[in-house]
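**Student:** The annotation compositional bias 'Acidic residues' is assigned in TrEMBL to 231-244. Residues or ranges marked as compositional bias 'Basic and acidic residues' in TrEMBL: 261-273. Feature annotation from TrEMBL assigns region 'Disordered' to 229-273. According to TrEMBL, the feature transmembrane segment maps to 21-44, 64-86, 133-160, 166-184, 196-225.
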Amino acid sequence: MFNIVVVRSIWRTLDRSDLTGIATICLAVVAIGVSYGASAVTSGMPAWLPLLLSVLVLAGGAEFLFVGIIAAGGGLVAAVLAGLVVNARHLPYGLAVPDVVGTGWRRLIGTHVMNDESVALALAESDRDRRRAAFWLCGLGVLLAWPLGAVLGVAIGAAVPDPDRFGLDAVFPAVLVALALPAIRGDRATRRATLVGAAVAAGTTPFLGAGLPVLLALPAVLLALGRTEDTTADPEPDRTDEEPSPTSAQHAGMTSGRSPDPSEIRDLRGERS
């Protein structure tokens with residue numbers, strides 16, 4: 001595990017604004033964890049299951065999706081597959097920050113605490129030491145904040161018959177919408193892919209079991225993104241049919257190091273006159 005010296009080194013590397021941003025992220029993660037724990041308990045799951053998932057999986061999107069599919073009557077296989085598909089985004093994450101994850105046993109811990117927030121903060125830093133500090137401090141903060149929120153949510157869900165009346169069920173969807181809106185507004189390809197995925201999920205929901213529409217929507221989104229990139233790519237101009245003009249050819253001949261012919265000199269004089 002990390003010793004006190006390493007933690008102090010990471011703490012000193014970041015400035016006050018970085019620490020404030022990470023603290024804000026951790027507080028938001030606690031709030032989302034409360035919604036997750038309460039939703040899991042009120043959907044009929046045993047209290048130990050969301051707590052175990054919050055520590056071992058440590059992936060809010062996949063865990064919410066798992067709970068939602070099970071609560072809607074979906075099968076365990078569909079819920080697990082949906083979670084794996086959502087968590088597949090960690091593959092490019094690992095390729096994006098290989099220099100901060102560490103080696104040996106630290107790499108094992110680093111891959112576990114890797115999440116959207118820690119990777120985003122790491123990529124925002126240009127200095128390697130600051131990148132490493134942002135990744136680890138945010139990742140370890142989420143490692144503590146997410147299970148803490150789940151514990152509070154489980155306690156609230158067990159004590160309050162209907163915790164949804166406090167709006168806890170709207171916390172996670174609201175956060176997802178807030179995260180997705182900037183990308184949807186700013187990029188036409190993302191907006192089109194989002195609409196395709198939503199249409200596929202909404203259109204297949206009446207005919208498929210819980211969780212399957214989400215699985216179908218994800219590859220549809222990827223396909224839509226791929227087609228958009230292909231159509232928006234600028235073709236390279238074809239220069240094979242271009243022929244040099246006589247004047248440029250003559251000028252090239254005169255500047256190539258060889259002696260010009262008398263006919264070339266007469267032609268150029270005639271053009272200037």
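Including glycine, each Cβ sits where the backbone N, Cα and C put it.
Walk me through where these features lie, including what they touch and how far apart they are.
**Tutor:** Beyond the ends of the transmembrane segment (64-86), by six or more residues, the same chain brings 36, 39-40, 43-45, 50, 53, 57, 172, 209-212, 214-215, 218 to within a C-beta distance below 8 angstroms of the stretch.
Tertiary proximity for the transmembrane segment (133-160) is limited to same-chain residues at least six positions away from its ends with a CB under 8 Å from its CB atoms, namely 2, 9-11, 13-14, 18-19, 22-23, 25-27, 29-42, 47, 50-51, 54-55, 58, 60, 97, 100-101, 110, 112-115, 117-119, 121-122, 124-125, 166, 168.
With a threshold of 8 Å between CB atoms, the same-chain residues lying at least 6 positions outside the transmembrane segment (196-225) that come near it are 65, 68-69, 72-75, 78-79, 81-82, 85-86, 189-190.
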